[in-house]
Each structure stands twice: as structure tokens, then as C-alpha cells.
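Quick look at what TrEMBL annotates:
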- 73-348: domain 'Major facilitator superfamily (MFS) profile' (DOMAIN)
- 6-31: transmembrane segment (TRANSMEM)
- 38-58: transmembrane segment (TRANSMEM)
- 70-88: transmembrane segment (TRANSMEM)
- 125-142: transmembrane segment (TRANSMEM)
- 162-179: transmembrane segment (TRANSMEM)
- 191-210: transmembrane segment (TRANSMEM)
- 216-240: transmembrane segment (TRANSMEM)
- 252-270: transmembrane segment (TRANSMEM)
- 282-304: transmembrane segment (TRANSMEM)
Amino acid sequence: TIEPLYFTYGIVFACGCSFAYQPSLVVLGYYFKKRLGLVNGIVTAGSSLFTVSLPFLLRVLIDSVGLYNTLRVLCILMFVLFLAGFTYKPLVSGAKDKEEGKKGKFRFPPEKKIFNFSVFKVTSYRIWAFGIPAALFGYFVPYVHLMKHVKDRFGDSVPEEVLLLCLGITSGIGRLIFGRVADYIPGAKKVYLQVTSFFFIGLMSMMIPLCHVFGGLIAVCLFMGLFDGCFICIMAPIAFELVGAQDVSQAIGFLLGLMSIPMTVGPPIAGLLRDHLGTYDIAFYLAGVPPLIGGAILCFIPWVHERQKLKERAKTVDGETTEKMLENESTLVSDTAEKPVKEMESGF
């Protein structure tokens, strides 16, 4: 029955994936600074590698050992995450943490630290955290419905698996290329790479219904995969720039949680449109609109972030000036207090 799968594969497995995925993005920023974009590109390119190879491996396994044993093989692959997790060397932040670590004490962090909503006080992060979900309502539509669209339009005469192959290969290449490019772009201006990626993802989604030749669809998937890789690999570097290393874990966590809503809603809506209209054309056209809107929203982030930095610098300068003034006043007061004492001493 499918009901137990809702809990095991739908909830427990999904929670495990989120627990594994988020730290793998966050932890890199503690070990790499100068080439954080390239490192994120290399790490995230692994998923593209398996996106390309796993479908063929799964087909061979299912045909040879059956579905149940295939799932057991996948469990063994998941076990690699245990070993990978042990490679994260703990970074102790302070002397207090060192003492507690030596004593073997573990204190559960306070509620304010677990649900650190203070990251939303950063205006540039707030725009980013709501702009990206706004762009992702149509993100999964091509991945979910493209194969069915190809069958509707071309029948069984074309190898539709080639399209997923193209998406996976170019996504991996895009992660490596744009990850390295991001290292050369200073500060929050890295967001412009995401803006570019959303523009091309939206445009390619709208191009899918216009492709009446299978070769055209291959070209669309190649470009879509390339800029999909760009969007994914620079997510962590941007988070580090906007909120800093201290709050980056919560920032990425909140973002991924908000992203899950539109990514879940988009494909069912596209399926409903297809059921009512008999074609995926309108669904793909509409799927291309949110990335364009979301990309336009993200354009404001570098400007807002720069203004925030200027305000913080001004506050710092004002604080230092006030401290110096207070120090000068205290010096003057002490000098005036010492003068009468010296005069009295000289008189005696």
C-alpha cells in the first residue's frame, strides 16, 4: 500500500535529505573564503553527476535484482553520507565552548538561537528570501512535465531520456564555471548571476512549446541546465555575503523552507492546466513568468546591501567620535582637577 510511503519516503526520508543537504552548504564557508564559489560548484556538481548516471544504473538494477533490492542498494549509497559527515571537523568558536567540550557537556541551544528570526531584520536578505521563492513557482514544471510533453508531441519515436541527460551534464558544467566566476564578483553583486540565471530559465521554459523539432528541445535543455547550475552553486556564497558567517545556517534554512512551497505548488498547477486544456503549452508559458519577476526583484539587493553597509559604517564612525569626545572631556576634567592641587602644593 502507498500510505506508509507517505510517512517513510515522503516525510522521514525528506527530513533526512534536508538534514544532510543544508550543512553541506553551510560548512564550506567555515573552511574556504577566497574560493568559496568554486568549492560550492564542485560540491553541488556531484548531484549533476548522479542525475546523469543514476537513471541508467537504476534501470539495470531493477531489471536484474528487482525493485526491493534496488531500494536496498540505494540505502547503501545513502550510508556514504554517514562517512562524509564524519569529515566535518568541529570548529570551536570560544574558550567556553572548549571547556564544555573537554568536560563532555552538551547544552541544548536556547529557542531564540534555534529560531533566529533576526536574519529577517537584514533588508537585503529579506528581499532575497522572498524574491527567490517568487521566482520558483515554475522552476520544477519542466523537470516534472517535460517527458510527458515530449510524448504528447513526438510520440515514442524520440529518446526523451536524452533531455534529462542534457540537463544534468550542463547543470554540472554550469556549477563549476559560474562557481569560479562568482569568486571574482565582489560582495552582494553575486546576486546578478542569479538574476541572469532566472532570466534564461524563464526564457527557456517559454521556448519549450515553440520547439517543434526535437533538436530544438535539446538546445533548450542545454541552456536551461547551464543556468540552473549557476542558480544553485552561488546560493551559499550570497547568503554569507548578506548575513555573515554567524547567521548563515539559519539564513539558508529559512530560504530552503520558503523555496519548498512554490516548488511543490508549481507542477500540480501545470498538470491541472494540461488536464483542462489538453496541452502543456500554456503551462510552460506561465512557468517562465515567475523567474522573470523574481529576477527583477533580486536586482535591488546589491543597492540595498550597499546602503546598509554605509549606514553601519556611519554608526561606527559616530560611535568612535563620541568615545573620543568623552575621552577628551575626561582628560580635561582630570587636568583641571590636578592644577589647583599643584598650585596649592607649590604655595606651601
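Note that Cβ sites are derived from N, Cα and C of the backbone, with glycine treated the same way.
Those TrEMBL annotations? Automatic predictions, nothing curated.
Counted over residue pairs separated by six or more positions, the transmembrane segment (162-179) shares at least 3 Cβ pairs under 8 angstroms with the transmembrane segment (38-58), which defines the two as touching. Using a cut-off of 8 Å between Cβ atoms, the transmembrane segment (125-142) and the transmembrane segment (38-58) share fewer than three residue pairs, counting only pairs 6 or more apart in sequence. Among the listed stretches 6-31, 38-58, 252-270, 282-304, the one sharing the most Cβ pairs under 8 Å with the transmembrane segment (216-240) is 38-58. By the Cβ criterion (under 8 Å, sequence separation of 6 or more), the transmembrane segment (6-31) is in contact with the transmembrane segment (70-88), since 3+ such pairs are found.
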